[in-house]
Amino acid sequence: LSIGEHSQYARVWIPDPEEVWKSAELLKDYKPGDKVLQLRLEEGKDLEYCLDPKTKELPPLRNPDILVGENDLTALSYLHEPAVLHNLKVRFIDSKLIYTYCGIVLVAINPYEQLPIYGEDIINAYSGQNMGDMDPHIFAVAEEAYKQMARDERNQSIIVSGESGAGKTVSAKYAMRYFATVSGSASEANVEEKVLASNPIMESIGNAKTTRNDNSSRFGKYIEIGFDKRYRIIGANMRTYLLEKSRVVFQAEEERNYHIFYQLCASAALPEFKTLRLGNANYFHYTKQGGSPVIDGIDDAKEMVNTRQACTLLGISDSYQMGIFRILAGILHLGNVEFASRDSDSCAIPPKHDPLTIFCDLMGVEYEEMAHWLCHRKLATATETYIKPVSKLHAINARDALAKHIYANLFNWIVDHVNKALHSTVKQHSFIGVLDIYGFETFEINSFEQFCINYANEKLQQQFNMHVFKLEQEEYMKEQIPWTLIDFYDNQPCINLIEAKMGVLDLLDEECKMPKGSDDTWAQKLYNTHLNKCALFEKPRLSNKAFIIKHFADKVEYQCEGFLEKNKDTVYEEQIKVLKSSKFKLLPELFQDEEKVISPTSATSSGRVPLSRTPVKPAKARPGQTSKEHKKTVGHQFRNSLHLLMETLNATTPHYVRCIKPNDFKFPFTLLSATVIYNLRELSVVWTDAISVLWNRWTYQEFFSRYRVLMKQKDVLSDRKQTCKNVLEKLILDKDKYQFGKTKIFFRAGQVAYLEKIRADKLRAACIRIQKTIRGWLMRKKYMRMRKAAITIQRYVRGYQARCYAKFLRRTRAAIIIQKFQRMYVVRKRYQCMRDATIALQALLRGYLVRNKYQMMLREHKSIIIQKHIRGWLARVHYRRTLKAIVYLQCCYRRMMAKRELKKLKIEARSVERYKKLHIGLENKIMQLQRKIDEQNKEYKSLLEKMNNLEITYTTETEKLRSDVERLRVSEEEAKNATNRVLSLQEEIAKLRKELHQTQTEKKTIEEWADKYKHETEQVRAWCPLTTDELHDRSNWSSHFGFLFSVTETMEKKLVEETKQLELDLNDERLRYQNLLNEFSRLEERYDDLKDEMNLMPGHKRTDSTHSSNESEYTFSSEITEAEDLPLRMEEPSEKKAPLDMSLFLKLQKRVTELEQEKQSLQDELDRKEEQALRAKAKVPPIRGAELEYESLKRQELESENKKLKNELNELQKALTETRSPEVTAPGAPAYRVLLDQLTSVSEELEVRKEEVLILRSQLVSQKEAIQPKVNTSQEVHWVVKQSPQDYHMLNEDGELWLVYEGLKQANRLLESQLQSQKKSHENELESLRGEIQSLKEENNRQQQLLAQNLQLPPEARIEASLQHEITRLTNENLDLMEQLEKQDKTVRKLKKQLKVFAKKIDFVSHYVIIISCFNIPRKEKDFQGMLEYKKEDEQKLVKNLILELKPRGVAVNLIPGLPAYILFMCVRHADYLNDDQKVRSLLTSTINGIKKVLKKRGDDFETVSFWLSNTCRFLHCLKQYSGEEGFMKHNTPRQNEHCLTNFDLAEYRQVLSDLAIQIYQQLVRVLENILQPMIVSGMLEHETIQGVSGVKPTGLRKRTSSIADEGTYTLDSIIRQLNSFHSVMCQHGMDPELIKQVVKQMFYIIGAVTLNNLLLRKDMCSWSKGMQIRYNVSQLEEWLRDKNLMNSGAKETLEPLIQAAQLLQVKKKTDEDAEAICSMCNALTTAQIVKVLNLYTPVNEFEERVLVSFIRTIQLRLRDRKDSPQLLMDAKHIFPVTFPFNPSSLALETIQIPASLGLGFISRV
């Protein structure tokens, strides 16, 4: 390291006993000769660091923070042990990333936790990607190997290494899963499933629980996955190395035997395992030694099921499986065999020993023989052979050796059968090998197994070194840089020490041949041979039975004890012979080829065909080998197999995966520095990467983009290479620190950090300058504000002082005035008091005098009055006396004269006087009655006048409604004026409110009249009072009426809920149905491919392609019977189609029928509920008078409302089936919403007014009934009768009263009939006006929506939209006029027919000819009926010219859109006209098959697929439009209705065509995806649309290993151009606008999903600047949608997850408020996606800050209740369910001309 780099504030790494390395900062510069460095630790503690006095080596420097957390360690400026450890720690702990690149090595840290990063979506994301473009992953390594195999046609190898528990097996498993997923198999045998199924088998028999790993592989394996020429998996082969046999008989504490034994014990209760006589694992000696028979979270019984299923899949039959389990159970029982010592040199087995008995029964051997040879051995000498007993210890060892040998042979047999199952007869083109092998191991006690493992790692390390230097040399030569030899550590001496002549293995084999060889003598030979002669060999100081070897990773001390025994692997031959003589056929099979097998740990099949095209030495022995060669030691066999492995690896391109264990406690995401450093040193990661990073590599463009800030404008040249050279010569003076290559710049270690420091200083200086300028500007602005504020304060203060002085002057003047008036008041008051006192005295005196005078005059006057009255009384008394006497005399005289006269006239005057008196009484009564009648007539006239006033009120209301209609029409015209429309609408709303206010005042007036009228008619109502029962009835009716309202509300709620549920169910069913169609099309294509392959095979005849599947699965006709169909099948022979097609289609059709029935049942249930509500209304008891009228009117209103609801339901169901455009319901601009709310409130007020008017009308009607003459007269007559029965006879004497009553009754009836007729006319007129108002309201709302949309558009688009709206309006008016014309035509035809009949009746003979000629005169020329005629034999020619050979480009440009569909339909119409069922069916079948065939042939061409999608939809619409069904004939012209099909119902074919359209749509989406896929990532993420926003960070070595060369960079403009191309093609083909919207929505979903998925898998893309780029790109896509008028297509909503991810990259991420904002903002992202983006967020500059782990945990805590999918990536393959809304054509069929270019001259127009 350079001394100058250790300057003040430089950060370094110092050793630490706990954390291994700790960061510190220099407090002062280091000078040569300093022995102590002044440091400050991160926690703030100062420290003096003493340098080593011998080496004086400075502590390693720390990388800049901007480089920490890189995907590739080679991107680090300083690559040393602490830098690697820190980078891995940051990625693993903070970002939860377990994979990191180290040059060509992938480092994988075991997370001890299941991560969702291995799903099929992740595999699809990595498939086809360059290795350096995505985040590090095992899938990236697998993809690189697969791609290089296909590109370079060279075999590949993936070498996975690491210590136990590091995750080697899992990494190898995921690599194989990747190959199986992306490649598929070339046959139907599902080879990839078999390859994956081999994992459970090998894990069960080769994996075990250790103290470091619950699923540790106790053997090495190399799996070759074979591929054919199309790079599809065809087979596989497996080799195994060094099985740990000792684990079968011994396990350390807390460890287990192999999994298969515990799986057997867990499944002992199964019926088929009863014969094995198994029990608990703690019962057997071989499974209970570790004391840990159970693994947490693992169910051995379930694992046993998986193992058996895997065996079945690999072709191991049940009988063989049971044989395997018998042998394994026998091994367990063998371990329980016990020996009893007879003496020191002999032993015996107890008689009828149960474990041995069970073992012999399972193995099929004799008990006596096995018991004998377990306790004896045979010794052979030169002359004789004798049997010798063995001691108990030797017998136990022999028993264990036999168990190990049986298990090893069984292991080899299983591997051999797995290889046979994976072997393929197809010739192999290439292979990818996956090596899962143990890493470097060192324990406290290291034995023979560790020696072999470390020997294998030495060989692999040597191969790795050679490969790395080969790559470096190729890189230097490519960049034309001089290649200089690098002095590096070569481990060949260590390998020679082990395997060379007189090496460790050679001496071990030689000692094994010695009769009395032992571990001690072998150790002495090692000391004598290598000690002090080889620097890599040492002897421990305190031991004579051990030796030390310096490996590449560390020194390892091996204990010699057990080396010879393990190397010999001795098994007594007699025991093997007993097993070979077994009656159990599988057991001898394990030993019959033992002579041919190289080693008990080699799983190479004797009949294996080498899968590599490179010559590889066979793994089996030559047939000529002798029995002596069978005695090869384990070490020799392992060395041979290792050499074979090295040859295979050297013949392939290797890829390396180093697995690291983060801690020894299996804690998830916990990293212990000591453990990781130990793993790094064992795997030599730091040292091997240092080779690759002797130079940091930058391309010239990357260097220019990153360090452009260090250049001046004059330094920037057009030649980037020369620019970089000029700048580097100025920045780095030592030219030895860098080299210029052809395309890259190579930097020495530390130079990138130096450049980063210069760049950061430059940016910091620029930031300081910017801050200085901004702060000065802010302070100046603040000063100006303060100065202005001071002046303002002064002005106000001075003004305040002036006002205070003026106030003081005014107060002084006011005080003087107050004093003046006060003094004047006091003087005046005093004067007034004196004056008042004087006047009071004068008044009292004068009053006294006057009163005295008055009393005197009063006494005189009263005296006079008394005198007057007395004198008068005396005079009157005298007069009365005189008068009384005179009267008495007169009376006497007159009485006498009257008596005389009475006698004379008594008889004459008697009768005449009586009748005169009676006559006078009758006349009085008649006059009284006439007077009452006149009064009643007056009252009736007043009522009529009031009724007329009400009618006048109705008339005014009608006039006002008409004025409303006129005003709405005016508003419709004013809607065309886009700019002034809002103001005019607001004015009209104000007018409406004013009129509403007037109406309310009129209503109040009417209510006052009604109250007055009620008061006047109280007497009349008193005659017919309501009883309590009637009142009770009214109360019941009101409560029942409220119940009806509640029922209506609940029905409305249920209607809304059922509608929503129907929508969800319909979308789900549509999605499932279309997925089934997709699967059906895939099976159909598979069937066609198989059929083509069968046709291409020799010995089979091929049929003409044009005649295939004439009788396809889409042939349906209800009119044809089986008898009629049979000749057709005989005349048109065709190939048998797959029965799966028809059955699947019938299932789909049945499902659709069930859905329709379910929908109809729901509709019936809704209608039933409505009928129940109506019946409930009808059950209401009848009431009288005003209440009856009111309730009947209200019931009519409810019925009308129910009808409206029903109509809305029908419209909603129609919208669900046709998926109308959401324009009507889409929210508009704010002005639109305000106007809509105002109009809604006005309409509600009008409804309230209408209801109140109805109430008043009912009250008036009831009052009219109350005063009817009939009731009045009857009540009056009844009253008269009650008064006097005698008078009744007098009144009814001449019938005058009854005449009056009848007249009044007739007048009442006449008025009542007139009132009812007027009422009906008014109601009818009111209903018509309401309907017209409703239609105008709807039109007004539509106009307002269009207006709101137009206001948001730019001026050009606004003009275009207004023209489009005008065209639509004119089209609707034209359709209305056509309907009127159709009605008139019908009327004219009817009149003509009547005229003909009348003419015939008038003059049948004479005028017959004249009439006929008259009607034949206007005969027209030949009128085409819109049909095309063709011959049956021309059908194939028609399909060929119109479908198979038609070029979409010419048709789309030169002819009308959908012309082929129109032609085909016109041909169908002619066949329908002829009533030819066979012709219709044949034509439709040929059409469908032809479309399928052309799409299969040119299915990857977008124009072809788009063209036939458009034509298929048009053909489907034509079949609907001309089907004759009323629902599809609404928009037809009369001429089009005449063209409807008459003979056949093609509803089933419409369903078939709809399914075909769905398949074409899905194919179109796949074509779109294939075209857009390469553009999306480059255009949306990688390309800098806004130049200079994002800076390029240093890239690692992986960038140079990209598999595919750069073929041109796609930009956002490329994507937009492609979108324009797609849109223009679809428009040219005449595709339905709604369908175009769905295609655009799908395209935008693909863009958003692919972009977001790549963002989630690329750490280098998760930065603030990239978020800005993404948001800009999305805004450009939204602008494209606006330009194409597709904003309401739903495409923008599909980009919402991507928009929120970009916002998440840009928002602040520090405080709890930020966390709350993020949680509320990112509602379209899942929790996993949010956390992933936060973990991946990477600062590009030093001024940005990383996201803290605590903040991410806060986010997770806040989102824990959110229920969303745990899936990380979006499903980019998802296809939205498509619908085809009915879109009738206005084109007249008879006007279609067939161009000659189509070659359809054989058809003619009809």
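All positions are counted from 1 along the displayed chain.
Heads up, the Cβ atoms here are built off N, Cα and C, so glycines get one too.
Since the structure is predicted, the reported quantities are computational estimates derived from the model, not experimental observations.
Pulled from TrEMBL:
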| type | residues | note |
| --- | --- | --- |
| BINDING | Gly162, Glu163, Ser164, Gly165, Ala166, Gly167, Lys168, Thr169 | ATP binding site |
| COILED | 912-1002 | coiled coil |
| COILED | 1059-1093 | coiled coil |
| COILED | 1145-1218 | coiled coil |
| COILED | 1301-1401 | coiled coil |
| COMPBIAS | 1106-1120 | compositional bias 'Polar residues' |
| DOMAIN | 7-59 | domain 'Myosin N-terminal SH3-like' |
| DOMAIN | 68-760 | domain 'Myosin motor' |
| REGION | 601-632 | region 'Disordered' |
| REGION | 642-664 | region 'Actin-binding' |
| REGION | 1099-1122 | region 'Disordered' |
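Sorting each residue of the region 'Actin-binding' (642-664) by its DSSP state yields 9 helix, 8 strand, 6 coil. Listed in chain order, the residues near the ATP site other than Gly162, Glu163, Ser164, Gly165, Ala166, Gly167, Lys168, Thr169 are Asn110, Asn213, Ser216, Ser217, Gly439, Cys659, Lys661, each with its Cβ within 8 Å of the site Cβ centroid. When the binding-site residues Gly162, Gly165, Gly167 are scored by other C-beta atoms within 10 Å, Gly162 scores highest. Cβ environment of Ala166 (ATP binding site): Ala108, Asn110, Gly439, Cys659, Ile660, Lys661, Asn679 lie under 8 Å away, each six or more residues apart in the same chain. Residues in the domain 'Myosin N-terminal SH3-like' (7-59) partition by DSSP class (helix H, G, I; strand E, B; coil) as 0 helix, 24 strand, 29 coil. Counting only same-chain residues six or more apart in sequence, the Cβ atoms lying under 8 angstroms from the Cβ of Lys168 (ATP binding site) belong to Val160, Ser161, Gly162, Ser217, Asp436, Ile437, Tyr438, Gly439, Cys659. By the criterion of other Cβ atoms within 10 Å of the residue's own Cβ, the least surrounded of the binding-site residues Ser164, Thr169 is Ser164.
Other Cβ atoms within 10 Å of the Cβ of Glu163 (ATP binding site) number 23 in total over all chains.
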